[in-house]
2 protein chains.
Amino acid sequence: MQDILKVGIAGLGTVGASVVRLMAKRDNLLSEAAGRRIKVVAVSARSRDKDRGIVLDGMRWVEDPIALATDSGIDVFVELIGGAGDPAKQAVEAALGAGKAVVTANKALLATHGTALARRAEKKGVALNFEAAVAGGIPVIKTLREGLVGNAIERVYGILNGTCNYILSRMADEGISFEDCLKDAQRLGYAEADPTFDVDGFDTAHKLALLTSLAFGTLVDTKGISIEGIRSIKPVDLKMADELGYRVKLLGVALRTADGVEQRVHPTFVPKDSAIAQVNGVLNAVAIDADAVDLTLVGPGAGGDATASAVIADIADIARGHRTAPFIRPVASLTQPTRAPLTHHEGGYYIRLEVVDRPGTAARIASRMAQNKISLESIVQRRSGPVRGGTDPAAADAPAPVVLITYATTEAAVQRALRSMDTDGVLLGRPQVIRIERS
Amino acid sequence: MQDILKVGIAGLGTVGASVVRLMAKRDNLLSEAAGRRIKVVAVSARSRDKDRGIVLDGMRWVEDPIALATDSGIDVFVELIGGAGDPAKQAVEAALGAGKAVVTANKALLATHGTALARRAEKKGVALNFEAAVAGGIPVIKTLREGLVGNAIERVYGILNGTCNYILSRMADEGISFEDCLKDAQRLGYAEADPTFDVDGFDTAHKLALLTSLAFGTLVDTKGISIEGIRSIKPVDLKMADELGYRVKLLGVALRTADGVEQRVHPTFVPKDSAIAQVNGVLNAVAIDADAVDLTLVGPGAGGDATASAVIADIADIARGHRTAPFIRPVASLTQPTRAPLTHHEGGYYIRLEVVDRPGTAARIASRMAQNKISLESIVQRRSGPVRGGTDPAAADAPAPVVLITYATTEAAVQRALRSMDTDGVLLGRPQVIRIERS
């Protein structure tokens with residue numbers, strides 16, 4: 001049996017505490033599985049006095065995370081500080097510079113500086129593992145790096161943010177508004193006081209950027225991602241989705257197209273009978289379409305223990321002497337992705353229009369769609385109020401939602417059709433446009 | 001870059017041909033990902049002249065698979081011959097004995113001789129990888145060996161046989177009988193001419209035995225598995241399942257209990273809104289419940305390319321120099337599992353009874369359940385024929401199905417209750433008893 005693998009952990013929040021606790025609990029199995037003992041020998045965190053419900057006996061306390069990163073007593077530096085900036089960035093750079101293997105759960109750091117950090121790791125011949133950075137406890141990085149290495153990947157997409165999925169699931173189940181649902185999620189601890197990062201899609205985008213790079217061998221490119229969050233989703237959209245055979249999920253989607261790599265984060269209609277449509281609440285899911293295999297992985301995307309499970313797997317791989325390049329290929333082989341413009345996006349669409357309710361409106365809408373060569377799978381018109389007798393002239397211009405489901409078309413065609421309708425004066429308010437993702 | 005990894009493949013059926021084809025197609029990525037070139041240098045199969053649609057140029061043809069297994073020109077022996085006996089067994093033994101790494105898709109071989117083969121691999125310090133042996137293209141072995149190594153696993157279960165899932169899915173969708181569906185599956189190539197191995201649950205049991213060992217650190221123990229196939233399932237069972245909020249799947253289930261490890265293969269009621277209930281047709285799924293993470297993996301369980309994807313991932317791991325013990329821990333650490341008897345099984349049940357239709361029957365059934373402390377979640381009685389006027393004495397004993405859904409109880413209690421009803425003379429024919437698996 002080889003020497004003990006000595007681990008230093010910076011950051012003892014929920015995840016860090018779970019890592020310490022679970023590693024102690026699984027000590028023997030970890031040793032047997034890795035062929036050597038693994039021991040947390042030093043930790044660093046902001047407050048030394050906080051009660052975290054874990055035993056830190058036998059671990060050195062190091063005040064400065066950067067000092068811990070280069071500490072000669074550790075082999076592996078585990079970064080659980082978080083954030084794209086310092087001290088996390090500086091600590092990871094220092095650890096790699098000192099030839100330490102690094103394990104991190106920090107998606108913001110990797111989405112921003114992933115390529116540069118991978119280059120450092122490669123130069124020193126050390127591991128940079130980040131299973132916990134995407135979809136928490138789901139081993140999707142390992143699946144892409146190792147499990148599907150014989151595949152050419154065509155698409156990777158998923159529910160990558162538990163907060164959004166919780167909100168959309170509850171809105172659908174209970175018919176409540178986004179605002180009410182968000183308040184409740186905040187009260188229950190499923191959403192942050194400042195929810196922007198989650199509900200506006202940025203967290204999903206960070207994770208998507210990493211998946212894209214792994215799937216397509218491209219440099220990490222967050223700037224190439226089109227991002228829409230879930231604030232605009234109304235209960236009526238979820239109700240219509242249900243009636244039409246869909247559910248609404250915030251997806252991150254990366255797709256290889258003839259024009260390049262399409263990366264997008266947006267609310268999406270997914271067919272009710274798809275595996276991903278069944279993923280409710282705070283769960284995450286990742287689907288991978290490849291030439292040999294289509295896979296769907298479902299599991300917890302956050303939480304101390306689930307995230308710690310991924311961190312521990314990364315540490316165990318290092319203990320075994322396993323090392324895969326951070327983004328599968330050497331950094332020099334990663335290509336600058338050609339960004340497929342979203343206007344070229346092809347797919348079906350859900351379009352909800354508030355329209356003036358007067359003769360000829362439906363015909364006008366249908367003809368604008370036809371002019372742009374958009375075929376309709378279904379068109380649903382609902383009166384928002386009670387059925388009228390037709391005698392009240394004031395009601396003639398009251399808004400009535402019209403819902404369209406299109407067959408596959410292009411984003412550009414949809415935008416042109418909607419601009420024409422706007423010019424025609426038949427639209428009231430902004431159209432709701434939600435892309436449909438085939439499963 | 002290290003030397004080329006030289007691969008020999010024995011067996012060029014659907015999977016073997018896909019491995020050769022996909023490896024050629026992915027040559028550059030494989031080299032980049034593994035840090036060295038991987039090359040199929042020799043092959044062996046029964047017929048040299050068969051057109052397999054693949055290019056075998058530059059590969060030596062070796063008549064005898066056992067000679068290939070020990071050929072000094074190869075580093076890795078890939079066994080795709082199949083079957084628990086020779087020549088597959090002899091070839092794998094020979095390869096391990098000669099210090100070659102082995103990759104195999106052979107679940108029958110591993111379920112029968114897995115422990116002994118793992119011991120040989122360990123003695124020589126070589127890899128014995130078998131990702132393709134369980135759930136085809138789903139990387140569940142890697143997930144258990146590496147991805148979830150920080151977890152204590154409580155249950156692993158899944159849809160592990162595509163033929164059965166195809167038959168049950170079609171029976172449910174179309175209301176047709178098992179026999180008709182099987183015939184159709186055979187015609188379409190989804191079932192073998194002799195379907196016993198699939199439909200009677202043996203194939204699922206082989207795969208379950210391997211999952212159990214990986215999940216619980218036990219020696220491979222196929223004899224400890226209770227096995228029931230799907231032949232007894234009637235359209236009425238699928239119809240009742242649908243009405244009651246379930247779907248019927250053939251599951252392999254391994255569960256850690258206070259009495260030991262429970263291993264069972266049987267048709268199962270799963271809640272409609274579970275991820276596994278959505279897995280239809282020839283797809284496979286594996287669910288893993290652990291202390292830190294609950295995961296569900298869905299993907300193709302068979303097919304040349306999907307299985308080849310798993311084989312290639314195993315080869316790439318060997319090229320990288322990654323080696324995990326076949327059953328995670330060293331063989332000496334694997335324990336003989338205590339077999340939890342199925343009579344101790346706890347859970348809900350679906351019970352369909354054909355009963356004599358006379359006053360007091362329902363009361364008798366209810367009282368026999370109560371005597372055995374079985375609580376009923378629902379009881380449904382259906383007349384099989386048209387509603388009768390009550391004047392035809394000959395109709396009094398006509399069979400009428402009674403369907404019970406129980407709350408959690410024990411297998412022993414259910415068996416006792418059914419025996420009492422049989423003694424009471426209220427039953428006609430054999431009761432249909434299907435276990436409910438909570439998700």
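Residue 1 is the first one shown; counting continues down the chain.
Using the three backbone atoms N, Cα and C, a Cβ is placed for every residue, glycine included.
For B:K207 (active site, proton donor), the count of additional Cβ atoms within 10 Å of its Cβ stands at 26 [all protein chains shown]. B:K207 (active site, proton donor) falls within a helical segment according to DSSP. Residues annotated as active site, proton donor in TrEMBL: B:K207.
Taking Cβ-Cβ distances under 8 Å and a sequence gap of 6 or more within the same chain, the neighbours of B:T14 (NADP(+) binding site) are B:G303, B:G304, B:T307. Annotation comment: TrEMBL describes B:A10, B:G11, B:L12, B:G13, B:T14, B:V15, B:G16, B:A17 as NADP(+) binding site.
According to TrEMBL, the feature NADPH binding site maps to B:K107. Neighbour count (other Cβ atoms within 10 Å of the Cβ, all protein chains): 25 for B:K107 (NADPH binding site). According to DSSP, B:K107 (NADPH binding site) sits within a helical segment.
According to TrEMBL, the feature L-homoserine binding site maps to B:E192. Under DSSP, B:E192 (L-homoserine binding site) is assigned to coil, being neither helix nor strand in the three-state scheme.
When pLDDT is averaged over the domain 'ACT' (B:350-432), the result is 83. For B:350-432, the entry in TrEMBL reads domain 'ACT'.
The recorded positions shown are B:K107, B:E192, B:K207; of these, the one with its CA atom nearest the CA of B:A10 (NADP(+) binding site) is B:K107.
When the Cα of B:K207 (active site, proton donor) is compared against those of the binding-site residues B:G11, B:G13, B:K107, B:E192, the shortest separation belongs to B:K107. For B:E192 (L-homoserine binding site), the spatially nearest entry among the binding-site residues B:G11, B:G13, B:G16 is B:G13, judged by CA separation. Using a 10 Å Cα-Cα cut-off around B:K107 (NADPH binding site), the binding-site residues B:G11, B:L12, B:V15 reduce to an empty set. The DSSP secondary structure for B:V15 (NADP(+) binding site) is helix. Cβ atoms within 8 Å of the centroid of the Cβ atoms of B:A10, B:G11, B:L12, B:G13, B:T14, B:V15, B:G16, B:A17 (the NADP(+) site) belong to the same-chain residues B:I9, B:S18, B:V19, B:A45, B:L80, site residues excluded. Of all the binding-site residues listed here (B:G11, B:G13, B:G16), the one with the fewest other CB atoms within 10 A of its own CB is B:G13.
Neighbour list (B:A17 (NADP(+) binding site), Cβ cut-off 8 Å, at least 6 residues apart, same chain): B:R52, B:G53, B:I54, B:G304.
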